[in-house]
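Novice: First the structure, which I've put down as structure tokens, then a few questions once you've had a look.
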Amino acid sequence: MTADAQHPPAGANSASTRTLLRVVILCLIAAAAIASRLFSVIRFESIIHEFDPWFNFRATKYLVANGFYKFWDWFDDRTWHPLGRVTGGTLYPGLMVTSGVIYHALQALTVPVDIRNICVLLAPAFSGLTAYAAYLLTNEMTTSPSAGLLAAVFMGIAPGYISRSVAGSYDNEAIAIFLLVFTFYLWIKALKLGSMLWGALCALFYGYMVASWGGYAFITCLLPLHAFVLICMGRYSTRLYVSYTTWYALGTLASMQIPFLVGFIQYVRSAVSGRQFQTFLATAVVGTFGIGLIGLVTLTSLGYIAPWGGRFYSLWDTNYAKIHIPIIASVSEHQPPAWPAFFFDLNMLIWLFPAGIYLCYQDLRDEHVFIIVYGLFGSYFAGVMVRLMLTLTPIVCVASAIAVSHLLDTYMSTKSPNPDEVQRAAEATAKKVAKSTGLRGSEKPTVGIFSLIPKTGVVASLTVYLLMFVSHCTWVTSNAYSSPSVVLSSRLPDGSQHIIDDYREAYQWLRQNTKEDAKIMSWWDYGYQIGGMADRPTLVDNNTWNNTHIATVGKAMSSREEVSYPIMRQHEVDYILVVFGGLLGYSGDDINKFLWMVRIAEGIWPDEVKERDFFTPRGEYRVDGEATDTMKNSLMYKMSYYNYHAMFPAGQAADRVRGVRLPDQGPVLNTIEEAFTSENWIIRIYKVKDLDNVGRDHAAATAFERGQKKKKATKKRGARVLRVE
Amino acid sequence: AANWDQVLQNIYQYYMKETPQRTKLIDAFLFFLAVVGALQFLYCILAGNYPFNAFLSGFCATVGQFVLTVSLRIQTTEANKSDFPAVSPERAFADFVVCSLILHFFCVNFIN
């Protein structure tokens with residue numbers, strides 16, 4: 001693709017032909033970016049995938065149905081049941097507003113498209129824009145004609161970005177990465193031109209980004225850091241001052257001492273003579289930095305400036321979350337990635353990335369410093385947390401595009417340099433190096449390739465790599481990142497596809513067979529999906545803003561029935577939903593997540609829930625006959641395995657996930673009754689019983705109904721206490 | 001001590017002699033903005049910050065306007081001509097107007 005761009009046919013090498021080629025190539029890239037994200041829509045259907053997008057989808061539907069002002073003041077009483085959630089103030093509205101605007105624009109153009117389809121296809125559409133933004137950003141970095149196009153291709157199909165932007169993943173990242181790259185482009189542009197207008201545009205897009213994704217903190221850290229590094233390198237310029245302060249004043253309106261100070265000092269330098277300037281500089285710099293530092297430390301320790309949130313803090317102290325906040329550590333995205341993840345997500349870009357960074361050192365202009373700073377930051381954070389691979393991907397694409405285009409520019413020029421001239425030029429540089437005292441790395445020697453064999457060899461191998469990159473990306477996207485978690489698919493022996501649709505079966509049952517306001521208790525993972533698909537109020541959901549409430553659910557799930565029942569009564573729970581994969585071998589079920597429930601509950605009630613009690617004396621986590629009593633009596637265990645043994649002939653009951661044989665005697669439920677179990681037993685829904693009519697406790701009532709009364713009525717009176725009332 | 005006197009005096013003389021009239025006008029405006037900002041801050045310290053949004057938007061308006069005016073001053077100064085090959089003084093003024101409008105829109109929106 002890019003090879004064509006470099007060498008238009010002879011005679012047609014005019015400016016207009018190049019522009020045409022560029023436009024065509026960019027259009028093709030956008031088409032490829034969109035097309036490679038449609039695997040899941042074509043294979044399954046056009047639905048919203050994971051957990052979080054279901055809430056975004058629900059909020060978007062509310063926005064479209066009720067208008068913007070109502071959306072802004074939306075108090076949602078169907079989540080976090082007794083508490084509710086002030087939704088308008090606790091979400092990033094950028095995504096919903098964007099798709100709402102698109103919806104209304106299409107309506108105005110008399111193209112009535114369902115809001116669901118807009119939500120599903122928003123991420124692919126924006127990925128095309130991201131590719132274009134990467135093109136613009138890279139063109140600011142280098143003069144090479146191919147670098148921008150290469151970066152656009154990489155950005156368009158790199159799996160690290162596709163993983164968060166396939167059709168149907170209607171998440172904040174869908175538009176945030178475009179905004180991230182475009183904000184950086186505007187920043188570089190503002191910095192180069194020193195123009196207020198570009199700085200203001202940068203601030204506006206930054207504001208849009210703030211409204212869209214929590215990752216805006218990345219920009220907030222990165223741009224000041226870039227400015228700071230530039231100042232430390234002695235590259236302060238008035239352009240930097242203008243662009244940075246404009247961005248900051250419009251973007252955040254807060255302290256901006258550092259550029260202020262430096263600007264002032266520069267002014268003074270032009271005013272006074274050298275020696276006086278030295279003393280002045282030393283006093284001013286030391287004084288201001290000292291005051292600033294002391295002020296920051298005292299304010300933080302006095303509590304005026306909030307210390308970092310736990311999520312950010314866990315980026316620095318990587319063990320922090322595991323010890324103090326189990327709910328952060330319990331999310332699989334917050335784990336550090338292994339090496340293969342980098343190769344898997346970025347393929348050959350990961351080894352071109354350091355080369356690109358190195359090339360940035362060669363002519364170190366202001367914008368190259370930005371690439372280096374971003375590269376360092378991005379790689380560190382991606383090394384700490386899997387999901388931050390997403391913010392690393394743009395810079396990897398840009399840097400490796402610079403590296404590849406550098407190679408192509410060197411090896412693909414058809415004219416060989418004249419040996420004599422090269423000799424002379426080399427001597428000249430040698431002399432210059434001897435004379436000048438600059439960095440040796442910043443001196444560029446004249447290079448030239450003389451014979452045709454290395455040229456064709458290098459270009460051919462690069463082409464092979466590029467082709468392999470494309471096929472790798474397609475393969476990864478198709479196999480790893482295009483499966484909706486709502487629908488599970490498996491292959492039958494004859495190769496045909498078998499769809500397991502238990503989730504929607506169960507949610508649909510809830511939607512049609514329960515009261516409009518029946519409260520559903522489940523672990524928080526399924527909160528958004530229940531709200532979105534079953535349209536029923538939930539106790540907790542994926543927005544984990546209230547840890548205690550989640551711990552309450554965790555306690556109800558991990559305690560004995562006698563303890564859980566009052567908790568559920570107090571929270572007006574009507575149904576409980578558990579996910580059980582034992583029959584099918586679906587490993588993401590609630591028994592495997594159970595220990596996290598225990599840990600989170602233990603954080604709040606260390607006396608009542610103890611993680612140790614769920615392990616056998618030898619420290620094993622077992623669910624079979626050897627399981628501990630606490631485990632066997634916990635509500636979660638009972639709900640998962642209730643009646644399960646009846647599916648199998650005697651002695652054959654087996655759990656396919658844990659790979660163990662279960663005892664023949666299943667658990668007995670007293671306070672709840674089975675309401676629904678899906679086809680493959682993945683979702684089990686239980687109804688919470690009402691209080692007993694004659695005032696017995698539930699255990700006695702069910703025992704009586706099973707006929708477990710004693711044969712001979714005992715005459716003896718039991719130990720009774722005095723009736724008080 | 002004598003050294004410091006000299007430094008400050010030098011700066012003052014240099015400023016009076018070398019600065020064109022238009023830039024001095026801008027500087028007067030900057031001085032006014034700084035005074036307004038300081039007064040607001042003083043009032044906030046004395047009277048408490050109860051409508052915090054109002055304080056922030058008022059204070060940020062002065063700070064932001066100050067910063068934008070400094071940018072205008074930098075871009076219109078003759079000595080910085082080489083730094084901004086693409087920005088003519090008229091362009092700088094137009095940018096200044098646009099940015100100020102955006103800033104004031106934000107502040108009016110924020111003050112409720």
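Glycine is no exception: its Cβ is also placed from the backbone N, Cα and C atoms.
Automated prediction, rather than curation, is the source of TrEMBL annotations.
Note that the structure is a prediction, hence the values are computed from the model and not measured.
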Novice: According to TrEMBL, transmembrane segment applies to one of these ranges: A:144-162, A:391-409. Which one is it?
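Specialist: That would be A:144-162, the stretch labelled transmembrane segment in TrEMBL.
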Novice: If you look at how TrEMBL annotates this chain, which of A:90-109, A:450-469 comes out as transmembrane segment?
Specialist: A:90-109
Novice: Do you know the DSSP helix, strand and coil residue counts for the domain 'STT3/PglB/AglB core' (A:519-569)?
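Specialist: Each residue of the domain 'STT3/PglB/AglB core' (A:519-569) counted once, the result is 32 helix, 3 strand, 16 coil.
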Novice: Can you work out the mean pLDDT of the predicted model over the domain 'STT3/PglB/AglB core' (A:519-569)?
Specialist: 90
